[in-house]
Amino acid sequence: MGTSCNKINSNSNKGKENMHFVLDDNGDSKGNASNQQVERDDKLDMETTRWNGKEFEEPLSTNKKLIIQSNNTSSQHSTPPLSISDTSTHTGSSTDNVEANPNTGFSSARKRSLRSSNLKKKFVPLSSPEESNESEFIDDDESDEVASIIDIKEDETFDSKVEIPEAAPSSSTESDEESIPLSYQSKRRRVSARASSSASSSSRTQAKSIPSHERTHYRLIRQHPELEHVWEKLEEEAPREVKQIEQPKELVLNLLPFQREGVYWLKRQEDSSFGGGILADEMGMGKTIQTIALLLSEPRGKPTLVVAPVVAIMQWKEEIDTHTNKALSTYLYYGQARDISGEELSSYDVVLTSYNVIESVYRKERSGFRRKNGVVKEKSLLHQMEFYRIILDEAHGIKSRTCNTARAVCGLRTTRKICLSGTPLQNRIGELFSLLRFLRADPFAYYYCLQCECKSLHWRFSDRSNCDECGHKPMSHTCYFNAEMLKPIQKFGYEGPGKLAFKKVHSLLKHIMLRRTKLERADDLGLPPRVVEVRKDLFNEEEEDVYQSLYMDSKRKFNTYLAEGVVLNNYANIFQLITRMRQMADHPDLVLASKRKTVDIENQENIVCKICDEVAQDAIESRCHHTFCRLCVTEYINAAGDGENVNCPSCFIPLSIDLSAPALEDFSEEKFKNASILNRIDMNSWRSSTKIEALVEELYLLRKKDRTLKSIVFSQFTSMLDLIHWRLRKAGFNCVKLDGGMTPKARAATIEAFSNDINITIFLVSLKAGGVALNLTEASQVFMMDPWWNGAVQWQAMDRIHRIGQKRPIKVITLCIENSIESKIIELQEKKAQMIHATIDQDEKALNQLSVEDMQFLFSN
């Protein structure tokens, strides 16, 4: 079968010649003169070639009716005839027949100069004429992608191969074929091969529709066959049975039933293929004591390394000494105590250090530090030693896979790894990856090459161009966690492939994580009830005038940005406007006093956060040399969404800052005192605010009810705490304060004084310094002075007192000024909390992300 081949003749006259032919479905041709144009029923593109300066149009498939008109400009020779053979009705293919035109006097063996410089797309039919009238064009750059799609389809079926058939032998003479340049022969073979694959075109159309994450999956399996049945094997392996371990003899404190189960699970998990796991009990359920019991339940040889936030280091040491009767020897590897030999350090049972120290010694070992003689590198003792076990407290601190702290922690050497976190997934599914990488969970935390057998736990591209292991490009590598879980969830949410990815996440977590909540274990815990209230007050007349002036000015600026469509471009300005309004709701002096410079200007510029205008707590510095509170700049970046294209709120250039960098070391307590707001205002004529007086009223009522009740007052602004401290002392309350300018020993002494001194009834705590890793069960009342749209920070603060050991009913009061931005912030906080609870770890929007719509809501009347 096949259509007849018709010759296309042209006159040999000089000058301009018009040639027109019509090739119908039966292969019949007709001639007619016309101007240059190309018409086709379905607008099929034609391949334009040039023969000795003459242009002609050659269809790659003739199953459609083609009308081709050409207006050729004559040169020395006329256009030779072209014979076209229809191949669309065959499963095979034949090359184009080119014969000599007797009218021209040229033989078919003549050397022909063919070019295809005008060819912009190659037509590749991906479906047969009988199945579809649709066709697809594939660029030159996509030709390799077509082959890869076919290979992927081959992997998908696993029972048959999709082959590209070879072109059928040409019906022309051998001399005719040889007369065509090799470059054109090669191109025609490729085009012919694709056109001849119409028998399998339906399969290729389906292959093209395979989502990118599935194509990555098939390519992974092709290069790494061991990954084919990972999830089946994981499902077959039942989660470890949880039993109760016997009470360790050296442990003074009696473990609760669920805590004994936790210790048993930790022991079994260390013996599993994962070599550890994540203990994710809700905050306040005794993760620390369960870990101490684990240390006592095994013979001790090499030391165990405990990495915790600075504020929690002394608490760990105190609990180990108290609950084990000093059966475990501990060493605090921090500050000046880092000058110790490896042999001496190995003699201790437990080594305690902070994330900041781990990052600092790792950076000095890898990158070095500048001295007069150049860059000096210093070996890290912690990274040279091999520990028996490594425990990460508040492990969500390494949730960012790209931060240097995460790299530093993953560089430690051990075979047993435990993560402790009440919130392992705070905002995004992607936060789980850093914990998996620390656990060295195989294959979930590894990077794989799609072109060879290369496999690595870390992203190793020293020159940012080629893999250090195999030499292939970054685009040829993928993370198994991303390919199997993160990408499908990001793209599809909780539907289709996204739902399957969620099931994979849950299946994995069942094998590496143990989580119990207070509600589930209420009978074991016996915790008292907790009541959460919001107290709403109104500005007085003077405060409202000042606030409205600031609010209207801020709203005018925001509306200008909104009208011009540059809200996100001015995000730093808007964030500062919101911060100023929050401060104004606390006390007008927080905003007005920020403009008064009564201390050394240069000194203050170095220690004041550029976001909140407070003394920077847990201070870190950006690449543009501006100082921020770690919490302030973290919230600032998180509120922007993905953290990309965020500008510095001070100089407005792109912000570059390491959120995990160690705190600046030159922030002494004396500097904090000198920069206090009390040194910038006249306290003799100072007047309190509505919110501070509301707090004083609540504390008076508590003291009248029971003088032994203790309270904690949380605020994000240290200047607000300074004003509260001054006012409460005037009112006769004995209180202490914890902020970011205190050393670990000073913090520990302050906490001990509050816990043991019955005369100290109020603890003023900065959210930036004491929101996590504190055990303050001596208090039963909590006052939140300034609400924030991300309620997670406040929830963690509440759990500082609602935990094991609490005997009194808990009451949490959030103070809110009704006619201010705070009322809308609370509404926004509730809306976001409902969104998180209504979805399963939604990945597209973080809990603390502040969208344009949220900003509009905050600035609405």
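First residue shown is number 1, and so on along the chain.
Here the Cβ of each residue, glycine as well, is placed from N, Cα and C on the backbone.
For Thr288 (ATP binding site), the same-chain residues 6+ apart in sequence whose C-beta sits under 8 angstroms from its C-beta are Gln315, Trp316, Glu319, Asp393, Leu420. DSSP assigns Thr288 (ATP binding site) to a helix in the three-state reduction. Look at Swiss-Prot and you will find Asp281, Glu282, Met283, Gly284, Met285, Gly286, Lys287, Thr288 tagged as ATP binding site.
The compositional bias 'Polar residues' annotation in Swiss-Prot covers 1-13 (among others).
The compositional bias 'Basic and acidic residues' annotation in Swiss-Prot covers 14-23 (among others).
Look at Swiss-Prot and you will find 38-57 (among others) tagged as compositional bias 'Basic and acidic residues'.
The compositional bias 'Polar residues' annotation in Swiss-Prot covers 60-82 (among others).
Residues or ranges marked as compositional bias 'Low complexity' by Swiss-Prot: 83-95 (among others).
Per Swiss-Prot, compositional bias 'Polar residues' is recorded for 96-106 (among others).
Marked as compositional bias 'Basic residues' by Swiss-Prot: 109-123.
Annotation source Swiss-Prot lists compositional bias 'Acidic residues' at 131-145.
Per Swiss-Prot, the feature compositional bias 'Low complexity' maps to 193-204 (among others).
Look at Swiss-Prot and you will find 1-217 tagged as region 'Disordered'.
The annotation zinc finger is assigned in Swiss-Prot to 609-652. Confidence across the zinc finger (609-652), taken as the mean pLDDT and rounded to a whole number, stands at 72.
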The one of Met283, Met285 whose CB sees the fewest other CB atoms within 10 Å, among these binding-site residues: Met283
Other same-chain residues whose Cβ falls within 8 Å of the Cβ centroid of Asp281, Glu282, Met283, Gly284, Met285, Gly286, Lys287, Thr288, the recorded ATP site, in sequence order: Gly422, Arg803, Ile804
Spatial neighbours of Lys287 (ATP binding site) that are distant in sequence (at least 6 apart) but have CB under 8 A: Gly262, Leu279, Asp281, Asp393, Leu420, Gly422
Packing count at Asp281 (ATP binding site) (other Cβ atoms within 10 Å of its Cβ): 22
DSSP-derived class (H/G/I helix, E/B strand, else coil) of Glu282 (ATP binding site): coil
